[in-house]
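Each remark here refers to the structure printed beneath this line.
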Amino acid sequence: MASSIGNEKNVNPVLRISQLDALELNKALEQLVWSQFTSCFHGFKPGVLAHFEPEVKAFLCLILWRFTIYSKNATVGQAILNIQYKNNLSQTEKYQPLSKHQKLWYLIFTVGGRWLEERCYDLFSNHQQQSFCKMKSFITFGAGFLKLCGLLNFLIFLQKGTFATLTERILGIRSVFCKPQSVRQVGFEYMNRELLWHGFAEFLIYLLPLINIQKLKLKITSWCLPIEGLSSSENTLAGHSRECSLCGEWPTMPHTIGCPHVFCYYCIKSNYLFDMYFTCPKCGSEVHTLQPLKYKIEMTELH
């Protein structure tokens, strides 16, 4: 009784963009399933699936076909978009589910055809006999002819809006909406909030490259740390010379900028090239002269 009621449903045409979106969702699902499956073999020897990759992909697609087309008359992408396949060969305009023959031929055309395309080159590549070469050229010609037919079918689909793939046209299956589509209503508050957010995001994209993050960071650091007094004595200079004021490590090729603090040559040079108005992060002094440190630090100070 339920099936008879379901067969009485009226069908609603599907937009072209919805059909194409369903195809893209199907491809994304297949890639996701394949990536999850191959992740299980990361601990095995590399290339363990290379010899059986077409067969494994065909087996996974077979499982997807069993729980989508065979049982629900719709792929995963169509189910997400409220779309379902209809038997277009029936004379009535009411909804008619796919027959078993259509489902089986759909499996052969999609899964079997893809497996044959991926495997045929391996089957005939190692044989140099004339018969095998003719068979390979025949299969190559057939694959090219099918792609040309697929292109023509796509052009017809753009004009007519039905049968997005060549398989659908050959089998006579059509995409229809499961339920009538309601008119979308977007509230004014939601639309206004989205417009404000997009405007703010574009403003940030324009503004952020103009901000010198490094200089701002050094400025905040100089405010947070206590400002040390300037001293010209060699003892004070020797005390500051035990670590770089930028990286905090023992200074490599120590240099000064006119203040009692010492920097690694590469630290101060890279920061000064990045910002010509660079100031010392500890005392705020500007770069007057970049000179090597003349005071000799004994290696015993490391201990």
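Positions of Cβ are set from backbone N, Cα and C atoms, glycine also.
Look at TrEMBL and you will find 138-158 (among others) tagged as transmembrane segment. For the transmembrane segment (138-158), same-chain residues at least 6 beyond its ends with a Cβ under 8 Å from one of its own Cβ atoms are 16, 19, 113, 116-117, 120, 124, 164-166, 169.
Taken from TrEMBL, the feature transmembrane segment applies to 195-213 (among others). Sequence-distant neighbours of the transmembrane segment (195-213) (same chain, 6+ residues past either end, Cβ-Cβ under 8 Å): 275.
Under the heading domain 'RING-type', TrEMBL lists 244-283.
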